[in-house]
Amino acid sequence: MTSSSTSPASGADEIPSLYGPGTTVKRVRTRHLIDAKERGEKWAMLTSYDQYTAALFDEAGIPALLIGDSAANNVYGYETTLQVSVDELLPLVAAVARSTKRTLVVADLPFGSYEAGPAQALETAVRFMKAGAHAVKLEGGRRMAAQIRALTDAGIPVMGHIGFTPQSEHSIGGYRVQGRDAQAAEIVADAHAVADAGAFAVVLEMVTSSVAAEITKQLPIPTVGIGAGPETDAQVLVWQDMAGLRGGKPPRFVKRYADLASVLQGAVKAYADEVRAGEFPAREHGFE
Ligand code: KIV
């Protein structure tokens, strides 16, 4: 049994778990996620950028929340993640951290805030940790090993991110699956570089399922897949994608678990119709 194992009182709950009945995990730490890999427990991560979704996802049993640079497209209305800044992400990180009790809060380092070298990465990561993050995420494999090492040496847990890295979309040449043919060895080398530099987990984005499965087998740290097949230790999705808030055709790797856009649109139309018809507010909504 590992440090995060449960001590269930009855046989019914005898499954060690990050969340759920009998768990002893009060605040999810990076070591709990590594323990989960050892015992083969899969877990789900979601993005969150505000207090209501953060509290809701925390209560629903999501052990890690990411304030992704995907806030660029999903909060700020930018076309790509390259445009969002540290100053725009910091308040979102603070809001999510303030609104959760158990989940591990991971802040994404945006484009331009860490590539110059370990000193720049450390300065940026410290700002996110002071805002309330418990860990940071950054994109890049071997080319970012020095940055990852500098942060972990300073006591800042790092989640790596390799495969398709959206901040490099212009040099990669668009949204392209990574790891086919000769590229497979490159991705595996990146995964090892990230783990060897001290990262506690690594996101594998749009990596072929077979390469993701092989990396998951080889690494001692959890792999978090997005478009990387079913065999990674964990999965991550942008919450607006999985809940159907964002319109348009979702990427192939997204599964929509709800149609929030229709629900919200229906509610808003009903409200507007009732105001136009003089039905809202009714007597009970007013004061005498
Ligand atoms: O910014 C983000 O949302 C991400 C993930 C979805 C991995 O980096």
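Each residue, glycine too, has its Cβ placed from N, Cα and C.
On a predicted model such as this, the values are computed, not experimentally measured, just so you know.
Per TrEMBL, the features are as follows:
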REGION    1-21  region 'Disordered'
BINDING   Asp69, Asp108, Glu139  Mg(2+) binding site
BINDING   Asp69, Ser70, Asp108, Lys137  3-methyl-2-oxobutanoate binding site
ACT_SITE  Glu205  active site, proton acceptor
Glu139 (Mg(2+) binding site): secondary structure state under DSSP, collapsed to three categories: coil
Distant-in-sequence Cβ neighbours of Glu205 (active site, proton acceptor), under 8 Å, six or more positions away: His161, Ile162, Gly163, Phe164, Thr165, Pro166, Gln178, Gly225, Ile226, Gly227, Ala228
Which of Asp69, Asp108, Glu139, the listed binding-site residues, has fewest other Cβ atoms within 10 Å: Glu139
Residues near Ser70 (3-methyl-2-oxobutanoate binding site) in space but at least six apart in sequence (CB under 8 A): Thr47, Thr81, Asp108, Pro166, Val238
Other CB atoms within 10 A, centred on Lys137 (3-methyl-2-oxobutanoate binding site): 25
Alpha-carbon distance [Lys137 (3-methyl-2-oxobutanoate binding site); Asp69 (Mg(2+) binding site)] in Å: 10
Reduced DSSP assignment, Asp108 (Mg(2+) binding site): strand
